[in-house]
Amino acid sequence: MASGEGFLTDEQREMLKIASQNVETALPSPRLSSSPKSPTSLLSDHQLKVPAGGKAPTGGIAVRHVRRSHSGKSIRVKKDGAGGKGTWGKLLDTDGESHIDRNDPNYDSGEEPYQLVGSTISDPLDEYKKAVVSIIEEYFSTSDVEVAASDLKDLGSSEYHPYFIKRLVSMAMDRHDKEKEMASVLLSSLYADVISPPQIRDGFVMLLESADDLAVDILDAVDILALFVSRAVVDEILPPAFITRAKKTLPESSKGYQVLQTAEKSYLSAPHHAELLERRWGGSTHVTVEEMKKKIADLLREYVESGDTFEACRCIRELGVSFFHHEVVKRALVLAMEIQTAEPFMLKLLKEAAEEGLISSSQMVKGFARLAESLDDLALDIPSAKTLFQSIVPKAISQGWLDASFMKSSCTDGEAQNEDKKLDRYKKEIVTIIHEYFLSDDIPELIRSLEDLGLPEYNPIFLKKLITLAMDRKNREKEMASVLLSALHIEIFSTEDIANGFVMLLESAEDTALDILDASNELALFLARAVIDDVLVPLNLEEITSKLPPNCSGSETVRMARSLITARHAGERLLRCWGGGTGWAVEDAKDKIMKLLEEYESGGVVAEACQCIRDLGMPFFNHEVVKKALVMAMEKKNDRMLDLLQVCFNEGLITINQMTKGFTRVKDGLDDLALDFPNAKDKFSFYTEYAQKNGWLLPSFGSSATEALPTAAAS
C-alpha cells in the first residue's frame, strides 16, 4: 500500500476536494479580494446589482452562504456549510438549534448576520428646487414677504438663487393676476438683500432661454414674460440695457427674443409705461414708485412738524410696502442732514420703528447702504453730508437699531475686499463690451454700456484693456480702438483718464511683449495716433514719461512715438497707419461735412443727409457738423439746419455732448462771425433756446452762454 489509493476511493477523494473548497470559501481570508472566487465575483454571479452611488439591496444573498462546485457551478447551501449535496454538514453538529447569545462571555460581533445597507446620494440642486416650491406656494397663500425672504435665507445655497427666480416667475405665469403681482413684489423685496443683481439677471436669462418650453403649456407665455421683464426694469431690479444685451445672446427665431421685442416695443416704449405696468396686475399698493417716494417724503416732513412718533409709525405701516422701507430709512437720514433740527426726530423715529419690528434689520442696513453709495452726489448739495453720516452710524449701532455688520462692511479691509471684487466684475464686463464693439462697431452702444456700469474711476483700466485686446487682433480692430478713444475723449473720458491708461499700458509693456511680439511698436503707434487725433497733446507725453521708471522699455516706446509725430506728413501717415477707418485728414473731413450740408440746404432730404454723416465714420468729429450747420443757418438765413440737427439727435447720431461742443465752438467765434453776420449773436441766442427747449443741448449751456453774450456785445 505504497499509495493512498487503498484508504480512499475516487468518489471519496472527490468529496474531500469539494469540502476543502467549501471551507476555504467560508473562512475569511485576505486572499479573497484577489481570488477569482472573491465576494465581488460571487455577487456578480448571483446578479446582485449595486448602483454606482453606493446603494445595495438590503435583502441580498450573504457572501458566505454561496458555494461553488468543482465544475464551477454556484450552489446555495445552508448556513455554516450544513447540508446540501456534496457537503459534509456543519463543522460541529448539535442536536438543538444554534443561536448567538450577546450575553455569552465568548460572544463575537463578527458572527452576527449582516446586511448590505444602501444610502441615497441626493443632488443639492434637486433638493433646492423642491424646497423653493414649498416656499413659493406658502408665499402665494400668505402674501408674507418677510417670511418668504427669511425662508429663502435659511435655505442657504445662495448660488442657486437664479433657479428660484425662474421657478417663482414660471409658477406665477400659470396663475391669476394676484400671484403675478405678488411675484413682482417679492422680487423687488429680495433684490440686493437676499438675491444679488447678477443673480436676478441670470434668473431672467434662464426664463428667456426656456420661453419656448413655457409657451407649450402657457398660451400667452410670451406676453406674460414680457410683462415680467418690463416690470423688473420699471422696478429697477433689471437695468434697461439688459434687453439689448440679452437680445444678442438669443436666436432671433426663439420665443425669448420675441419676449424682449414685446417688452421693448409694446410696454417700455409706451407713454406712461411705468404707471401702466405698476397697475397691470392690480398692484398691491396701486401707486407708482415715484408716488410712493412722495408719500414717504410727505409723512416724514409732517413728522418733523408734529413730532408725533406714534402717528408717523402708523403712517409707515399703512403704506403696506415693507419691502420698500429702506427708502424710508434713506429719506429720513437725508432729511436729518438737510435740516439740523430734524436729526433728533429722525433718529428717534428710526429707533422706535426698529424696536417695534416695523422696519426690519435688513431694510435698515439696506437704507444706510444706499445712502452711503450716494454720499458723493449728496455732498454737492450738503457739503457736510459725509461727516454727518459718519456721526450717525455709530449712534445707530450703539443704540441697537443698526446691525453692527454695517460698520464691519464699511471698514478698511472690507472696502479693500469689496473693491477687489468690484474691479474683477468690472474687468469681466468690459471684456464683453469690447468684444461686442469689435463685432458691431457701435460706439454709442458702447458708451451707453460704460455709463450703465457707472464706474468712471476705472476709465484708465478700460483703456488699457481696449488697446491690449486690439493689439492682439487685426488692423481693423486697431483702427476701431483708436477711433473709439477719440469718441470716448469727447463723451466721457478726461485727458487724465487717457494719460493714466497709457501709463498703465507702458508699465506693463514688458509683460505684454511676452504675448505680442511687436508690442512696443504697436504701443508707439497708438500713442502717436492719440496725439494726432487731439486725444492727447505733446505735453502729455512728457507727463507720461515722468511717471515711468527711468530706462524702462515704456520710456523707449514714448520716444518712438515722439519720432513718429515729428516725421514729415505724420498726420496723414498715422491716420492711415492701420489702413482702417476713413484715412482722411482733418481738412478732408471738414470739406466733406461742408459739401453734405450744402447738398442738404439746396433741397436734399434729411434721411440722406443723416446717412452721409453716418458714412463719414467719425462720430468723435460730429461737433464739426453742428458748428458748420449753425454757421450755415446764419449765413443762408434758413433754419432748416435746425431740423437736421433735431433728427440727428433723435436718431442718436449726434450725442448731446457733441451738440454742446459744437455750440461752444460757435459761441467762442461769435465776435468774428458778427463781422460777417451782424445779427449772429441774436441768431445764436435763438438757436440755443430752441435746442435747449427740444432737449438736445445741455441746460447748463444756456446760462453760461447768456451770461457771455452781453459781455461780448459790450466789447
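Each Cβ is built from the backbone N, Cα and C atoms, and glycine gets one as well.
The feature region 'Disordered' is assigned by TrEMBL to 18-99.
TrEMBL lists 27-44 with the feature compositional bias 'Low complexity'.
The compositional bias 'Basic residues' annotation in TrEMBL covers 64-76.
When DSSP labels each residue, the domain 'MI' (127-248) comes out as 98 helix, 2 strand, 22 coil, counted as helix, strand and coil in that order. Taken from TrEMBL, the feature domain 'MI' covers 127-248 (among others).
For 291-412 (among others), the entry in TrEMBL reads domain 'MI'.
The average per-residue pLDDT of the prediction over the domain 'MI' (425-546) is 86, rounded to a whole number. According to TrEMBL, the domain 'MI' annotation covers 425-546 (among others).
Feature annotation from TrEMBL assigns domain 'MI' to 588-707 (among others).
Counting residue by residue with DSSP, the domain 'MI' (291-412) contains 100 helix, 0 strand, 22 coil.
Secondary structure of the domain 'MI' (425-546) per DSSP (helix as H, G, I; strand as E, B; remaining residues coil): 103 helix, 0 strand, 19 coil.
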